[in-house]
Ligand SMILES: [Zn+2]
């Protein structure tokens with residue numbers, strides 16, 4: 001046998017940078033020690049925390065402001081590159097969404113809402129997904145963050161990218177759903193698929209990640225795994241064990257349906273028991289992790305019992321595989337818990353131990369009476385998941401994973417179009433074009449100033465041009481808008 005033996009599950013397409021020696025998933029026990037800590041990029045669209053769904057609505061974008069404040073208060077901006085991403089353009093949003101739906105989101109305002117009642121039904125606008133002031137800008141901002149994160153990751157400009165304002169996993173191709181209007185996760189994964197043969201999506205929000213599952217239900221290049229509460233009367237009502245994908249995508253959707261009150265120990269052991277074999281079997285080239293915080297105890301809508309430490313342990317576990325990773329937000333309806341959770345997980349992702357006492361910040365009054373990073377959130381709801389039930393789920397998932405072993409190799413015949421190719425005009429910033437050529441930044445303003453550019457950036461500027469240039473130059477048809485996956 002020659003030393004150049006090929007690995008059958010990777011594409012030989014000349015369009016793709018060959019990462020197979022760089023990012024093969026390993027079981028935790030076999031992990032190599034990394035030479036240095038992974039580089040982390042943090043995306044916070046300025047003002048994304050200033051939007052309001054309405055007085056009585058449980059979704060409060062203000063939680064993003066609280067989160068960012070804790071992140072800065074803990075000094076985590078010293079540990080990562082901070083970015084204020086540009087807004088996603090209409091064309092970018094239309095890479096997944098229907099044009100008429102995006103056009104509606106762009107046009108609708110609280111003032112003209114009366115005249116558009118027919119569209120309300122068509123696009124599922126209503127109590128859950130209300131029209132509010134500057135709704136479209138809000139969508140462009142959080143989607144822009146996830147797209148910038150995906151671009152950065154694809155270009156090898158970072159190991160881990162974080163966008164807590166993203167993760168809106170319920171939005172559908174042509175309609176809003178469950179407080180979500182635009183599905184930034186699907187858009188981000190589509191961007192990743194331009195460079196990565198296989199992407200793993202993991203969802204630990206208490207609700208089923210139905211929008212993402214549906215988008216990639218027929219694809220064997222994206223494996224979706226969702227851990228959620230599953231009950232007839234619980235939104236969105238999907239996510240049973242029997243939903244496994246279809247056609248080419250059969251066996252490439254996994255669902256872990258749970259009952260009320262799952263506790264730290266059961267959740268963590270099940271999460272690891274499912275994710276370890278999933279990653280080693282599917283061998284993704286990149287991972288997108290939706291960190292919805294409504295799976296924490298004491299959530300206003302959720303009914304699990306998780307502590308922030310347990311939620312964060314799932315994030316830590318996924319990080320140990322050393323694969324390119326995007327961490328996104330999602331649900332979370334107790335603002336003080338959401339902010340603590342995502343600040344803690346920013347610490348986990350940057351490898352920083354955070355003091356339990358919260359730092360001074362502008363919103364300290366939200367965090368009383370304990371002012372602690374780890375308030376007691378567990379034990380308020382009875383755990384309805386018996387040991388036998390959880391074991392049955394675990395066995396069932398193991399059984400399903402056996403089909404992945406026999407899955408045909410993933411061929412890269414369908415090349416997703418170049419999202420950036422749609423922006424050849426003035427909408428694209430110069431930095432973004434530079435980034436593609438591996439000599440610049442990723443189309444967003446760095447908010448930490450040039451003096452804090454990390455060493456990775458500096459070496460990137462000098463880039464040797466080998467391989468990287470070929471990646472950009474070899475890309476498929478630019479500007480093509482038909483997506484098939
Ligand atoms: Zn949720």
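Glycine too: its Cβ is placed from the backbone N, Cα and C atoms.
Mean pLDDT of the predicted structure over the domain 'Histone deacetylase' (57-348): 97. Annotation source TrEMBL lists domain 'Histone deacetylase' at 57-348.
If you look up TrEMBL, you'll see 128, 178, 333 marked as substrate binding site. Around residue 178 (substrate binding site), taking its Cβ as the centre, 21 other Cβ atoms fall within 10 Å, counting all chains.
Secondary structure from DSSP puts residue 170 (active site, proton acceptor) in coil. The active site, proton acceptor annotation in TrEMBL covers 170.
Look at TrEMBL and you will find 205, 207, 294 tagged as divalent metal cation binding site. In the three-state DSSP reading, residue 294 (divalent metal cation binding site) counts as helix. Residue density at residue 294 (divalent metal cation binding site): 25 other Cβ atoms are found within 10 A of its Cβ, drawing on all protein chains shown.
Residues or ranges marked as compositional bias 'Basic and acidic residues' in TrEMBL: 427-456.
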Contacting recorded positions for ligand 1, chosen from 128, 170, 178, 205, 333 when the Cβ sits under 6 angstroms of any of its atoms:
205
Integer Cα-Cα distance in angstrom, residue 207 (divalent metal cation binding site) to residue 170 (active site, proton acceptor):
9
Hey, how far is residue 205 (divalent metal cation binding site) from residue 170 (active site, proton acceptor), Cα to Cα, in Å?
11
Extra residues within 8 Å (Cβ to Cβ centroid of 205, 207, 294), divalent metal cation:
206, 228, 292, 295, 301, 302, 330, 331, 332
Under 8 Å Cβ-Cβ from residue 128 (substrate binding site), six or more apart in the same chain: what's there?
176, 177, 178, 179
At the Cα level, what's the spacing in Å between residue 294 (divalent metal cation binding site) and residue 170 (active site, proton acceptor), rounded?
14
